[in-house]
Every structure is written in C-alpha cells, then in structure tokens.
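Heads up: the structure comes next, in structure tokens.
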Amino acid sequence: LAQSLVALFASSLAISLVFAIIPLCHNVVVLAVVMAVAGLAMGCIDTISNMQLVKIYQKDSAIFLQALHFFVGFGALLSPLIADPFLSDTNCILSNATGNASSNLPHIRKSLVPHHPGNLSHYDLPMKGMVVTRVSYAFWIMALINLPVPIAVFFLLYKERMVPCFSSSSHPLLSADELAMEARPAEKDELSTSVQRPHAAGGHDDLFSCCQSKNFRGASYTYFAVHITGALVLFMTDGIVGEYSGFIYSYAVEEPLSVVHKVAGYLPSLFWGFITLGRLISIPVSYRMKPATMVFINVVGVLITFLLLLIFSYSVVFLFVGTASLGLFLSSTFPSMLAYTEDILQYKGCATTVLVTGAGIGEMVLQLLVGSIIHDQGSYSFLVCGMIFGGLAFTFYAFLLFFHRMYPKPSSDTDAASPDKPAVMDDTGQYQR
C-alpha cells in the first residue's frame, strides 16, 4: 500500500508538472518526451488505482470501480470544456495574409480529414508572425486543477504514517474497513484489534509480487486463458472507445451524411457525455447486478448498436441516437470486466495489470488500424470496423465464460476470499478476507 501511494503521489505530481511545461516546449522532440512522461504517469495511476480498489474491497470492488471510472469519463468530458474558451477560431499566427487564410480553414479541415489530403499549396497559411493563441492558459489551468490530487495523496500518506519524517506524529485516517464492519458488526472488536498492527511490519507482498514466476508454478492453462481472454475483450471494447471518439467527427462530415462541421463537433461530446452518464448509472446498478451480467449486456448492446448504425447509415438522426447508445453500453465495460475477472481469480490483483495493459494497447492499436483503413477504403469502413470489433469482443467474452466454467474452484480450506471470513488487514497494510 505504501509503494502504491508513493507511486500515485509521484505520478499525479508529474502530470501537473507536464501540463505546466507543455506550453514552454518549442521543439517537437522535447514535446514528445514530455508527453511520454505524461503517458507513463497516467498508466501508473490507471493500473494502481484499479488494483488497490480490487485488493481492498474484493467482492465489493465493482461499485467502487464504477465510481472510479465515472470520474475518468467526467474528466474526459470536462477538460475540453475548460480548454475551449482558449482555442482560436482562426490561424494562431498573424500576418498580412491571415485574413484570407482564416476563411479557408474549414475547407482545409475537410480536405485533411479523414482521407484525400490533396494539394493544399494554394492555401496561404502564415508560418511566421505574431503568435496570438491563448491555448497555453488551458494547460496551466489544468495543471492547477490537478495539483490538489498529489496534495491529497501526500496527506493520506501522512495520516497513514507512511512518511518517514512524520511516522509517529499522526493518527491513522482509517482504523478499519468500514464496509466490512457494517457487514460484520459482531466481529467489530476482533477487526479493530487486527487492524491496529503497524503498517511498517514486514510482509511478503509488494507492488510487483504478482509478476514473480513462482506465482505461476502449477497454474492450470485456464488461469492464463482467463487473463488473456479478459484482456482481449477490453482490447476490443476500449479500442472501440478510442476509434469511435477519434473518427466519428470525420465520418459524419463525409459522404453520404455530410453533416455540418459545427453539428458534427457535438458527436464526440455526446459520446463521452453518455459514457459518463452510463458510469454514473452503473454505480447503483452494480450493487444489484453481477459484473458478468453487466459485461454480457454491454458487449451485446455494442454489437446491436453497430448493426443498426450500418442499417441506418444514411440517417443523421440515428447517428446521434446510436452514438449515445454506444456510449451507454461501453461505459461500464471496463470496471465490470475488471471486477468479474478478479472475482474468478480470487482477487490477487495480477489480472488488473494485464487487463489495464490490454485495454491501453487496444485503444492505441485500433485507432491506428481504423485510420489507415478509412484512408484506403473510405468513411463507410469506419462502421464496418466497429461491427467487426464488437463481434470479436462478444466472441472473446464467450471464451471467457467457457474458461470460467473450466477454472478450478478454490477449496474451502485454502480459500482466502471466503465470504464467512471477515475482512482484516494483514501486516502489509492491505485488507484481506
């Protein structure tokens, strides 16, 4: 837990520093390095936050994972609104020819996206002159907005006596897992006693314990199959999120829909808005519905939505309806899949790393793949790719259900996650059932 909190503190602080530095980068290589640091920091936060929620809350983690990913979607929806007032409607560099060039910007944008770059030499865009953009303020505002996060993590480290200089000067923030205490009030005294053990006591677990080869000895093939099929489902679904939000605008402004540019600009916002709404709805729903059922509804809903988008591909109204529907079905896939897979594997936390990595790779690779296909085959292939990815996600989920049935059930003697055993904290500061 201490290692995880330190990593979260360093990563969240790095993001604020990166956002403050980005406007000062005048070289593309330096900017690339800075953005790579931001990617590493965000990857650490994504993995560690999911993994620790699973380890602490175990069978109750589905609700907390839904809440976590609601705020992910909320941030993705909110940050463009913060940046929008600082974006220029014209060229960012002023010169004598700027007035003529500005009127041509919509045509340039339409020519560049999504294919047929064409010859743009007749557009006179000034490369030298007075810079008038105010986009730097957006980055600095985001850096300030993010700054309370590392401060809060440091406060948690301090209250949990994990800061070396202040290890004896504060009282722990949480004396027990309150959720477990409510579920097992009769065990309250025993729970409180066991939790009071020092956090610094020695233990065999650490942040990278699940990556050690000794944990794989004697593991059945279904153990690896559950990891792989779970990661492949998220590879496809998170890839769909990336490619749809990235190319829906380009698809809408092209033939046969030819949506007005300003109206088409609302589609990505609508998509992320319904992802955020879906994650908010999923918080109470996950309390009543099993994660496996939620994932099944999600992947089937994605498949049906893409099928209807293909059938009504000439309807602008249904494009908006389908975008909202797709956002709702994709919203809770990641947290529900994570809770379901970890439930199969008895909450060891290793599956979290594999699933987060698979989702990240899918979001990166499928955008590149779809972009190249659209360039060669035209905008209609955008929906065809989505349909194929949705079908593959459903197929991989069917395989996961099969391997779940084949996966050996833990014996009652060695099941550390038994529901009859109250949640207590071990010597490493992690709650165990």
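Cβ atoms are placed via backbone N, Cα and C, with glycine included.
Feature list (source: TrEMBL):
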{"type": "TRANSMEM", "residues": "30-49", "note": "transmembrane segment"}
{"type": "TRANSMEM", "residues": "61-82", "note": "transmembrane segment"}
{"type": "TRANSMEM", "residues": "137-158", "note": "transmembrane segment"}
{"type": "TRANSMEM", "residues": "223-251", "note": "transmembrane segment"}
{"type": "TRANSMEM", "residues": "263-281", "note": "transmembrane segment"}
{"type": "TRANSMEM", "residues": "293-312", "note": "transmembrane segment"}
{"type": "TRANSMEM", "residues": "318-340", "note": "transmembrane segment"}
{"type": "TRANSMEM", "residues": "352-374", "note": "transmembrane segment"}
{"type": "TRANSMEM", "residues": "380-403", "note": "transmembrane segment"}
{"type": "REGION", "residues": "411-433", "note": "region 'Disordered'"}
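Simply put, out of 30-49, 61-82, 137-158, 318-340, 352-374, 318-340 has the most Cβ pairs sitting under 8 Å from the transmembrane segment (293-312). A contact between the transmembrane segment (223-251) and the transmembrane segment (380-403) is present, since 3 or more of their C-beta pairs, 6 or more residues apart, lie under 8 Å. Most Cβ pairs under 8 Å with the transmembrane segment (318-340) belong to 263-281, among the candidate stretches 61-82, 137-158, 263-281, 352-374, 380-403. Contacts between the transmembrane segment (352-374) and the transmembrane segment (380-403): present, as 3 or more C-beta pairs lie under 8 angstroms, all at sequence separation of six or more. Tertiary neighbourhood of the transmembrane segment (137-158): same-chain residues 2, 5-6, 8-9, 12-13, 15-17, 19-20, 22-23, 79, 82-83, 85-87, 166, 170, 173, selected by CB-CB distance under 8 Å and a gap of 6+ residues from either end.
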